[in-house]
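Enquirer: After the structure tokens below, expect a handful of questions from me.
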Amino acid sequence: MSFFALGVNHQTASVELREQIAFNAERLSNLLAEQRHHESLKDLVVVSTCNRTEVYAMAEDAESLLKWLADANNIDVKQLIHHVYRYENAQAITHLMRVASGLDSLMLGEPQILGQVKSALALSKEAQTVSPELNSVFEYAFYAAKRVRSETAVGSHAVSMGYAVAQLALQVFSKPEKLTVMVVAAGEMNSLVAKHLAEMGVAKMIICNRSRERADQLAQEIAHQVEVEIIDFSDLAENLYRADVVSSCTGSLHQVIAYADVKTALKKRRYQQMLMVDLAVPRDIDPKVESLDGVYLYGVDDLQSVIDENLAQRRQAAVEAEVMVNQLATQLITHQKVKEAGSTIHAYRQHSEEISQRELTQALEALHHGGNPEQVLQQFAHRLTQKLIHPTSMLLREAAKAESPDYFEWLQQHLQDVFDHERKPKR
């Protein structure tokens, strides 16, 4: 059995193909529950996100994983064959560590992928398709990801608008748990802003949107993390004073937050500072607002320059992170080899003990039947020696015939080291 990683991601497959082989939790749970009864492939974890679908498994070959992935999604293997990547053992371990650390993500260093991989492992555990060996590989990958995030700067710089706004709020306000945030428009960009700020632990989220349906949808997505209030778009100006952070991204052709509205809001707030972020083009917020004392106004260009600089810093940090991942992968592989060697040594000892017991039984029987003790002991020693050295002798002969002289020389040298050690006088 080998450890394999096989799949597709944003670099190897179109979104149309990724959609075809994506799994939701319920369907995947049912498939895994069925799979645990198949001896040929019953030890696997499937990671499925919008940017990747990957199968990690202990298996005889990668082809069985490819066939399973195709069959599970009712598509021909030929549709996948030119888009999948596959890694085995050391390369598969390194790949899993890179994925969990965010080094293989579309957004370099993104933190969400680690949680997604952990959820994938948990789902497979529920379906009983995770052996102790497979589990240990994943747990070590999580350890590697934690080391990468804590010891390098690969995830410490905002590289998305939503995350950048959240980080900006932390810089302006030191205690997020006391903040009230207003998102003006509940589209894709502000949804990310709302989710990042909700995860950060803000006190309240006010959603101001023209469409009540979209506002309700966003509210449902974050309600488990933060108190949510929805207001009509027509009530925007009179509620501005309640927000410590305002993020606006309406797509309107005209400004929706006027200078006078912000000035009035500041007065109602007794001039407590406000962070206002304008993610819209054309702009939603009157740029003259920046002149008001207590208002921090940031636009798309301001944030983009920060993101570009941060992305460069992440890329630089990623070089250090890659070195760390390779070192940790090597450590795990070495540990696995030592463990495997321990099992082999135990089996070898047991085999030698069985030979010794058989020869000893034969010698005792000879003595019992009146055999000459000296001859019996000599025969016992000779037969035991022959049987114990026979496998090593055969190994040396085969190594000498092989086309790899390095292996034969290595074997000779190690045997010589053993001889030299045995010849040393015992103290």
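Count begins at 1; order follows the chain as displayed.
Glycine is treated like the rest: Cβ placed from N, Cα and C.
Since we're looking at a predicted model, the values are computed, not measured.
Feature annotation from Swiss-Prot assigns active site, nucleophile to Cys50. The substrate binding site feature in Swiss-Prot is assigned to Thr49, Cys50, Asn51, Arg52, Ser105, Glu110, Pro111, Gln112, Gln116; the stated evidence is sequence analysis. Annotated NADP(+) binding site per Swiss-Prot: Ala185, Ala186, Gly187, Glu188, Met189, Asn190, in sequence order, evidence recorded as sequence analysis. Taken from Swiss-Prot, the feature site 'Important for activity' covers His95, and the record attributes it to sequence analysis.
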Enquirer: What is the one among the binding-site residues Gln116, Glu188 whose Cβ has the most other Cβ atoms less than or equal to 10 Å away?
Expert: Gln116
Enquirer: With the cut-off set at 10 Å between Cβ atoms, which of these binding-site residues ends up with the most neighbours? Options: Thr49, Asn51, Ser105, Asn190.
Expert: Asn190
Enquirer: Does DSSP put Ala185 (NADP(+) binding site) in a helix, in a strand, or in coil?
Expert: coil
Enquirer: Note the Cβ centroid of Thr49, Cys50, Asn51, Arg52, Ser105, Glu110, Pro111, Gln112, Gln116, the recorded substrate site, then list each other residue of that chain whose Cβ lies within 8 Å of it, in sequence.
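Expert: Apart from Thr49, Cys50, Asn51, Arg52, Ser105, Glu110, Pro111, Gln112, Gln116, the close residues are Gly102, Leu106, Met107, Ile113.
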Enquirer: Which whole-number value in Å describes the distance between the Cα atoms of Asn51 (substrate binding site) and His95 (site 'Important for activity')?
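Expert: Cα-Cα distance, Asn51 (substrate binding site) to His95 (site 'Important for activity'): 15 Å.
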Enquirer: Are there residues of the same chain, six or more positions away from Ala185 (NADP(+) binding site), whose CB falls under 8 angstroms from its CB, and which are they?
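Expert: Residues satisfying the criterion: Cys208, Asn209, Arg210, Ser248, Cys249, Thr250, Gly251, Ala280.
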Enquirer: Measure from the Cα of Thr49 (substrate binding site) to the Cα of every one of the binding-site residues Ala186, Gly187, Glu188, Asn190, then give the nearest.
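Expert: Ranked by Cα distance from Thr49 (substrate binding site), first place goes to Glu188.
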Enquirer: Among the recorded positions Cys50, Met189, which residue has its Cβ surrounded by the fewest other Cβ atoms within 10 Å?
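Expert: With the recorded positions Cys50, Met189, fewest surrounding Cβ atoms within 10 Å: Cys50.
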Enquirer: My understanding is the cutoff is Cβ-Cβ under 8 Å with a sequence separation of 6 or more in the same chain; which residues meet that for Ala186 (NADP(+) binding site)?
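Expert: For Ala186 (NADP(+) binding site), the qualifying residues are Ala194, Ile207, Asn209, Ser211, Arg214, Ala215, Gln217, Leu218.
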Enquirer: What span in Å does the substrate site cover, taken as the longest CA to CA distance among Thr49, Cys50, Asn51, Arg52, Ser105, Glu110, Pro111, Gln112, Gln116?
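Expert: Of all Cα pairs among the recorded substrate binders, the widest measures 15 Å.
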Enquirer: What is the separation, in Å, between the Cα atoms of Gln116 (substrate binding site) and Glu188 (NADP(+) binding site)?
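Expert: For Gln116 (substrate binding site) versus Glu188 (NADP(+) binding site), the Cα atoms are 20 Å apart.
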Enquirer: Near the Cβ of Pro111 (substrate binding site), how many other Cβ atoms are there if near means within 10 Å?
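Expert: Taking every protein chain into account, the count is 15.
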